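Peer 1: Dropping a structure here in C-alpha cells format, bear with me for questions.
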C-alpha cells in the first residue's frame with residue numbers, strides 16, 4: 001500500500017482500575033510492555049509513524065513503545081476530556097498531511113495487523129471513516145454498529161439502543177481509520193454537548209455522514225479487540241496471547257506435550273521438530289533450534305539451544321547460555337553466559353557461569369565454576385574432550401586443556417595442561433577402629449545429657 005499513514009495510539013489513561021504504581025500500558029504481556037505489542041501490530045500493518053498520546057508516566061511509556069523501524073512522537077494530553085480530545089492531542093502530527101490516520105489504543109495488546117490493514121484499505125476504497133468492529137455473543141455494554149446498504153449509519157450506545165438494535169452483535173471496538181486529508185476538520189467538529197461534557201471519537205460517524213462522507217466498518221476477531229483495565233483482564237489477555245502463540249508454533253512443527261503448561265515470551269523462537277515437555281517457561285531472548293528437546297520444568301531466558309541438544313528436566317539457562325549441537329544440560333543444572341560445545345555433557349547438579357566448554361567434554365555431577373570473587377567475574381575455559389570429575393570446583397580464571405582429567409572432589413586454582421591429570425584434594429587416610437571409638441564417645445555424651453535431665 002503506497003498511502004502514507006500516521007497511527008495515533010491513545011495511552012494517556014490514569015489506569016485507576018489497574019491499582020498500580022505505573023501506567024497499565026507498561027504492564028507486561030509475554031514479557032513485553034503491552035504498549036510495545038500495539039506498536040508492533042501497527043508496524044506490521046506497514047505504518048512507520050506513530051503519534052503516542054501520553055499522560056501518566058509519559059517518559060516511561062514513550063520509552064517502552066520504542067521499537068526498531070518506527071518513529072515515535074510523544075504527544076502529552078494534559079486533561080482527560082474524552083477520546084476525541086485525546087486524538088487532538090496529536091494535532092501537530094496529524095497536520096503533517098498523511099493519507100490515512102489510524103486510531104488505536106495502547107491497552108489492546110492482542111490486536112494484529114489484519115484488521116488495521118483492512119481499515120486502511122477501506123480508506124483507499126473511498127471511505128472517509130472506517131470503524132473496526134467485532135462480533136460477540138456478549139454484546140451488552142458495547143456500542144452497536146448499525147449498517148445499511150454496506151455503509152455504517154450509526155454507532156448506537158447500549159443506553160440509547162432500541163430493543164431491535166440491542167439484538168445486533170456487531171460491536172464497536174473503538175479503533176478506527178480516518179481520511180488523513182479530512183481528519184483535522186472532522187475532529188475539530190466534535191462537540192461536548194453530553195452529560196459528561198466530553199468529546200467522543202464515535203461522533204465522527206454522524207459528522208462525516210452529515211457532510212456527505214462515506215462511513216464503513218470492517219470486522220476483527222473479538223479476542224484481538226480485548227482491552228485491559230484490571231489485573232484480572234491482564235491475566236485473561238496473557239492466557240489468550242499464550243494460546244495463540246502456542247497454536248502457531250505447533251502448526252509450524254513444534255511438539256508440545258501439554259501446551260497449556262508451556263509459557264512463551266514475545267520473541268521466543270522454536271524450530272521445527274523441537275520437543276517441549278510440560279511446565280517449561282521461556283523468558284525473553286530464547287532461541288530453540290530444530291530437533292532440540294526441552295524436558296519438563298526447565299526455565300530458559302536469553303539462551304540459544306542448538307539442533308539436537310537436550311535441556312533438563314529442572315534446568316535453568318540464563319542469558320548468554322549457548323548450547324552446541326547435540327550437547328546436554330541435565331537436571332538441576334544452571335548455565336549463565338556459558339558456551340557448551342558440540343556433544344559436551346553437563347548432566348546434573350552443576351553450575352556453569354562465564355565459561356567455555358569444548359566439544360565432547362564431560363562435566364561431572366556437582367561441578368561448580370567459581371566465577372565471582374565478590375567484585376569481578378572471571379572466565380573458565382575447558383578444552384575439548386576433557387573430563388571433570390564430580391564435585392569439583394574450578395576457580396576462575398582458569399583453563400583446562402584438551403583431554404585433561406580433573407579428579408573428583410578437586411579444587412582447581414591453576415591452569416591444567418592438555419592431557420594432564422589434576423588432583424586438588426587432601427589424601428585419604430584410614431584409621432582402623434576409630435569409628436567405634438567415636439560412636440561410643442557420642443553415645444556416652446548423649447546418655448550423660450539425658451541423665452541430667
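Every residue, even glycine, has its Cβ placed from backbone N, Cα and C.
Got these off Swiss-Prot a minute ago, pasting:
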| type | residues | note |
| --- | --- | --- |
| ACT_SITE | 348 | active site, proton acceptor |
| BINDING | 10-13, 24, 77, 82-83, 105-107, 143, 157, 172, 229, 318, 336, 351, 362 | UDP-N-acetyl-alpha-D-glucosamine binding site |
| BINDING | 107, 229 | Mg(2+) binding site |
| BINDING | 365, 371, 372, 390, 408, 425 | acetyl-CoA binding site |
| REGION | 1-231 | region 'Pyrophosphorylase' |
| REGION | 232-252 | region 'Linker' |
| REGION | 253-453 | region 'N-acetyltransferase' |
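I'm curious about the neighbourhood of these features; can you describe it?
Peer 2: For residue 348 (active site, proton acceptor), the count of additional Cβ atoms within 10 Å of its Cβ stands at 19 [all protein chains shown].
Listed in sequence order, 143 are the same-chain residues at least 6 apart in sequence whose CB falls under 8 Å from the CB of residue 157 (UDP-N-acetyl-alpha-D-glucosamine binding site).
Note on residue 229 (Mg(2+) binding site): other Cβ atoms within 10 Å of its Cβ, all shown chains, come to 14.
The secondary structure of residue 408 (acetyl-CoA binding site), as reduced to three states from DSSP, is coil rather than helix or strand.
Secondary structure by DSSP for the region 'Linker' (232-252): 20 helix, 0 strand, 1 coil.
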Peer 1: List nothing but the largest Cα to Cα distance in Å, as a whole number, among the residues 365, 371, 372, 390, 408, 425 that the record says bind acetyl-CoA.
Peer 2: 22
Peer 1: Counting Cβ atoms within 10 Å of each candidate's own Cβ, which of the binding-site residues 318, 425 comes out highest?
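Peer 2: Within the set of binding-site residues, the most crowded position is 318.
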Peer 1: List the same-chain residues at least 6 positions away in sequence whose Cβ sits under 8 Å from the Cβ of residue 362 (UDP-N-acetyl-alpha-D-glucosamine binding site), in sequence order, or say none.
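Peer 2: Once residues fewer than 6 apart are set aside, residue 362 (UDP-N-acetyl-alpha-D-glucosamine binding site) is near 344, 345, 347, 386, 387, 388.
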Peer 1: For the binding-site residues listed here (371, 390, 408), tell me which residue's CB has the most neighbouring CB atoms inside 10 Å.
Peer 2: 371
Peer 1: So which of the binding-site residues is most packed in, judged by how many other Cβ atoms lie within 10 Å of its Cβ, out of 13, 82, 106?
Peer 2: 106
Peer 1: How big is the gap, in Å, between the Cα of residue 372 (acetyl-CoA binding site) and that of residue 229 (Mg(2+) binding site), rounded to a whole number?
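Peer 2: The Cα atom of residue 372 (acetyl-CoA binding site) is 44 Å away from the Cα atom of residue 229 (Mg(2+) binding site).
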Peer 1: Among the binding-site residues listed here (10, 107, 365, 372), identify the one with the smallest other-Cβ count within 10 Å.
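Peer 2: Each of the binding-site residues 10, 107, 365, 372 was scored by Cβ atoms within 10 Å; lowest is 372.
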Peer 1: How many whole Å apart are the CA atoms of residue 390 (acetyl-CoA binding site) and residue 348 (active site, proton acceptor)?
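Peer 2: The separation of the Cα atoms works out to 10 Å.
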